[in-house]
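Asks: Pasting the relevant annotations from TrEMBL:
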type	residues	note
SIGNAL	1-33	signal peptide
DOMAIN	72-224	domain 'Tyrosine-protein phosphatase'
DOMAIN	149-203	domain 'Tyrosine specific protein phosphatases'
ACT_SITE	Cys169	active site, phosphocysteine intermediate
Amino acid sequence: MNKTSQVKVKMKMVSRNIMIWCLLAAFVPCVISATIPSNSDREMKLNVALQKRDQYVPQKSLENSVELLAEQENKNMGTPISPSRTVATNVKLLQQLRVTHILNAAEGDSYMHVKTGAEYYVDTGIVYHGVPANDMNYFNLSIYFEECADFIAQALAYKGDRGKVYVHCQKGYSRSATVVVAYLMLRHKMDVRAALATVREKREIGPNDGFLYQLCQLNDKLENEGKL
């Protein structure tokens, strides 16, 4: 089996087990790509991302996003990622979508964070986990990779694989995307290129240069340990 086939098999395995949350919040520019990139395209995208962050693309409304989510839910597609604070703070919508767990990759009080927390979801039945990450090149997000991967895995296994995890940051573009890519690498044995390509098939993302470097370091570590 060649490398491309191996990647496709891994992606199919993930699709069977994981529900994507591609809720595109109002006023958050983003796009869904259904095209499966070739190996050369994946490598080019990764190399470009290491040089320069991807740019945002035209806006989608929250209403259209919910319709898109319903379509994807019916198809059982994807990876656990969604964008911004708009949905994260809408408890009624989260309950309607049967979300069981939330991972806030931007926990904090500043303008670049989402101020929720476990107390925000008290009496909702939603399990919360927060990571106080800054979307800055120098921030070491890698120290949270393992705990986030554990939380996502436990969330998806909730009540016999019926869990639905909403992974978000402020805009769903850098921090939450990095956490999900790390999860795919750690728990589904994807290399960094395959993990990035898997997420980018569902929505546009742009981990900052520092986060991309940390993902590459994780890739080297897993390769050296024979885990990829």
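Easy rule for this one: first residue shown is 1, then count along the chain.
Placement of Cβ uses the backbone N, Cα and C atoms for every residue, glycine included.
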Asks: For the domain 'Tyrosine specific protein phosphatases' (149-203), jot down how many residues DSSP puts in helix, in strand and in coil.
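Replies: Counts, helix then strand then coil: 35 helix, 5 strand, 15 coil.
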Asks: Taking the domain 'Tyrosine specific protein phosphatases' (149-203) alone, what is its mean pLDDT?
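Replies: That stretch averages a pLDDT of 90.
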Asks: Would you mind checking how many other C-beta atoms are within 10 angstroms of the C-beta on Cys169 (active site, phosphocysteine intermediate)?
Replies: 29
